[in-house]
Amino acid sequence: METSGRDGVLPPMVVTPFSMTPGPPASAITWGLHLPRARADSGPSDLALLGCYNNSASEASGHGSDCSEDPTGAGAMRVAVIGAGVIGLSSALCIHEQFHSLLPSLQLEIYADHFTPHTTSDGAAGLWQPYLSDHGNLQETLWNKETFDYLLGQLHSPAAKEMGLFLISGYNLFTEPVPDPSWKNIVLGFRNLTPKELELFPGYSYGWFNTALMLEGRSYLPWLTNRLTQRGVKFFHKKVESFQELFSQGVDVVLNCSGMRAGNLQPDPELQPGRGQIIKVLAPWVKHFIITHNLKSGIYNSPYIIPGSEFTVLGGIYQHGNWSEENSAKDHKSIWDSCCRLLPALQKAKIVGEWSGLRPARPSVRLERERIRLGNLQGEVIHNYGHGGFGITIHWGCAMAAARLFGSVLQDKRQLSTPPGPRL
Amino acid sequence: MASPKVAVVGAGLIGLSTALCITETCPSCSVTVLSDQFSPNTMSDVAAGMLIPHTYPDTPIHRQKQWFKETFTYLFAISNSAEASEAGIHLVSGWQVFKSPPKEELPFWSDIVLGFRPMSKAELQRFPQHRFGQAFTTLKCDCPPYLLWLEKRLKATGTQMYTRKVEDLWELRREYDIVVNCAGLGAQQLVGDKELFPVRGQVLKVHAPWVKLFIRDGDGLTYIYPGVHRVTLGGTREKGSWSLSPDAGTTRDIFDRCCSLEPSLQGAQDIEVKVGLRPSMQCVRVQREVLSQGGVKLPVVHNYGHGAGGFSVHRGTANEAAHLVGECISVLQGSSSRAKL
């Protein structure tokens, strides 16, 4: 059993895994709510009527076979999030923010085998930037935009520093002209590079300049953890082996934010590792991100330099299908040589670390509901994984979408007559 | 004259860069730098070192532009080389924001800095009190690193440097053939220039490594300049004040003004307060003069009075001063060959 010291930030309420307790079938969810049907002129004040009453069994009506008595009397709505990376933590926060006042019995639990600073999200530099092309996936572009706008709105809040959030400008470099990216109007001040600027980067003849955001996982994940802990969300240091395991313990809804390991919970051949390796250096004179692109080698297989608040990340490795999380000497040399060619002053930079991680790559993000039935066990799973190398970039849009899916789950369970959350 | 002996008075930015230019344009010269202060105790060490020109009212614009262009080009090459980190030279992007319309839509230097353009509406939204803005990328010279790097380059050429307070240029006549006056504010006493006056500037140097962009209010009073290790927050422009003591009320005021532009600065740590006196004049004095006393002549090249814009034009004025030193040498060599006849 790994201790919290090795596995990073664990909030105070860590509970060791418990064995399955005998009790009512997991499908028993007693709500006993009597809710007014939604009226056309329903407004925010109507939401106040949607209070959830535990144990008012007298009002239970017409729930059919889903309804059976709950002898424990808890009537809790248990939601388990699998994964404590940026996706798991932000989805949990979003759901708690939107539903806890409507559902006082909401019990949110986070299960993970790794916590910050040992998650994939912690290894990422934290730069907000989607891939070059969205391949027509407008939904993902919208989620990226929602994330950027949300973060931009947080920039001037007192929380920004603690979140690890700040503005950063920089360069994207190409060896030939390319079409503008889907995100050109999302970032600030997007423009093409001038000939004088291109002089800085011999070998590159085209490029972009824009101002974007950094959201450093090393700060953001602890910040999310603190917000969740304050809200009474419980954390469990446990490697979940199956959805059934949670349902049989009385969990009602599972949020599958397991990233690279989603395949262990449910086979998904579309989910493949996009292995990356980075070198951390001290180069505080570098104030811009510099991302080069080689259209033939593919995304992130060309050197990039991303200055953070404490160190600068050098990278340029993307190996599809490689599961190794060991640092490779060959990759180290490739990153070092190519980045020093890009910025000669880096030769004097001190190396302070190295890290390899697996981007949970998928042709598109899996963000959808699934009703799982196994014997007499059933439960709802909301999948939210497969964010590749743009997890931080897209996380909040996905968290809000997951929250909307959760709302629809509640609606199906007739918990709420209208889904809460922002009215679009 | 085989090896003209040149004394450069002053070891701030102007003295060191002028000395270096002289060694480059006149390799046969023997150059000595004399100053009562060296880095990190010069006035230049207080400055943020941003390449954003100050406009001198009485210097023709084309000349200021030429100085800036030469300086920018010179530093651009260093920033792009392996020496960048040692020299403390780095590119930095950011915004200049205005509450009321700027005097000129396009300042004379807009085509020299990189990517100059008006700020977009979305960018301006970050500054609710400001209605106009310019975005661009420029260079910053961090001090002490840049000055120490200049000193290192000078030592490599054999230039000697001595701590010495020069009270009068004439005291150098016996040891040196030409004197270069880069004494900054000291020129007021050294050559009695009454046009020269201090403009006091107080700054805070803070630890806030997440600040990657500069922000400057177009009125020149409030600015946030991220350097290699520290962010310089400013400032003040107190004309005629000679006080080098930090003022606590001013510190609070600078901090508040900067936080209103960049709220995350509330979390800044390790605040160091510094004061500098900008050696200001209506124009920069880059000029050759021959002092005369009892039949004895002393060729002098002046290079002082850069006020708020020293870093932006230093290399350009140093080049010009070195050129003037060359002229002095020609004159001396001409008269010495005449003397031989």
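Placed from the backbone N, Cα and C atoms, the Cβ positions cover glycine too.
In TrEMBL, annotation is done automatically, which means it is predicted and not curated.
Annotated features, as they stand in TrEMBL:
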- B:1-19: signal peptide (SIGNAL)
- B:5-324: domain 'FAD dependent oxidoreductase' (DOMAIN)
- B:VAL166: FAD binding site (BINDING)
- B:TYR223, B:ARG278: D-dopa binding site (BINDING)
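Sequence features, as recorded in TrEMBL, placed on the structure.
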residue	record	contacts (Cβ under 8 Å, 6+ apart)
B:VAL166	FAD binding site	B:VAL9, B:LEU34, B:ASP36, B:LEU172, B:ALA183, B:LEU190
B:TYR223	D-dopa binding site	B:ALA48, B:MET50, B:PHE214, B:ILE215, B:ARG216, B:ASP217, B:THR232, B:LEU233, B:GLY234, B:GLY235, B:CYS258
B:ARG278	D-dopa binding site	B:MET43, B:PRO198, B:VAL199, B:ARG200, B:GLY201, B:ARG237, B:GLY307, B:ALA308, B:GLY310
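Reduced to three states, the DSSP call for B:ARG278 (D-dopa binding site) is strand.
Look at B:TYR223 (D-dopa binding site): DSSP puts it in a strand.
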